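Right, one structure below, let's go through it.
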Amino acid sequence: MINETFKNNLNSIGIELTDRQYEQFDMYYKLLVEWNSFMNLTGITDYEEVLLKHYVDSLVLDIEKIGHKKKEISLIDVGTGAGFPGLPLKIAHPQINVVLLDSLNKRVKFLNQVIEELGLTGIETVHSRAEDGGRNNDLREHFDVSVSRAVANLATLVEYNLPFVKVGGYFVAYKSGDIDEELVNAKKAVSVLGGTIEEVKKFQLPGTDIDRSLVYIKKIKPTSGKFPRKAGLPSKEPVA
């Protein structure tokens with residue numbers, strides 16, 4: 001049965017799903033709760049909260065903006081964790097080709113199980129740290145868009161993500177709370193890594209006072225071969 005609040009929240013951001021897509025979201029939820037019972041995937045397990053704080057939040061991304069009206073978009077979710085935002089984006093927009101990258105093998109196993117049970121195609125997982133993946137020639141500057149909902153400061157996320165993005169593509173950071181200072185502190189990293197902050201979209205999750213932001217960073221030149229730096233450095237010593 002379709003959750004009407006979930007449906008209305010999706011409609012409010014311009015998304016309409018088929019019955020099959022709603023079924024896939026429910027299957028994803030059941031697997032998330034099942035696997036979360038023996039490994040740490042999320043602190044949010046209440047059904048209504050997952051629908052809002054994981055699914056709706058993931059889907060606020062403006063696909064037309066990042067896709068330049070292309071029929072097919074290649075997207076990488078860096079530090080995907082339990083699959084957010086990459087898996088909800090794939091379910092809602094099946095035409096996107098998605099790579100889910102995470103450094104923990106047990107999380108990758110969970111993601112592979114979800115992909116298999118939901119019958120998703122055009123999506124794969126990569127077990128890797130972001131710093132190593134960004135130096136992999138099969139992944140570097142290969143994607144139209146990189147997204148990340150990972151908990152890290154913006155300057156660090158820029159170094160994790162921009163190396164994956166083609167010139168003309170986007171890195172979109174999902175952020176919470178007041179990010180004004182973070183934006184200022186990330187300006188050098190954005191420039192050095194080959195990007196420019198094009199738009200900061202601030203919003204509240206429907207029916208809440210939870211402040212969220214999407215930071216759209218456009219890649220305007222290739223990333224220097226110096227980046228990303230070796231594993232651990234982007235978080236310990238962000239470009240500043």
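Glycine is treated like the rest: Cβ placed from N, Cα and C.
Listed features, source TrEMBL:
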- GLY79, PHE84, ALA130, GLU131, ARG149: S-adenosyl-L-methionine binding site (BINDING)
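Sequence features, as recorded in TrEMBL, placed on the structure.
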residue : record                               : DSSP class
GLY79   : S-adenosyl-L-methionine binding site : coil
PHE84   : S-adenosyl-L-methionine binding site : coil
ALA130  : S-adenosyl-L-methionine binding site : helix
ARG149  : S-adenosyl-L-methionine binding site : coil
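Take the binding-site residues PHE84, ALA130, GLU131: by the count of other Cβ atoms within 10 Å of each Cβ, the lowest one is GLU131.
Around the Cβ of ARG149 (S-adenosyl-L-methionine binding site), a 10 Å sphere holds 23 further Cβ atoms from the protein chains shown. Listed in sequence order, LEU101, ASP102, SER103, ALA130, SER148, ARG149, ALA150, ALA152, TYR160 are the same-chain residues six or more apart from GLY79 (S-adenosyl-L-methionine binding site) with CB atoms under 8 A from its CB. Residues GLY79, PHE84, ALA130, GLU131, ARG149 are recorded as binding S-adenosyl-L-methionine; their most distant pair of Cα atoms lies 19 Å apart.
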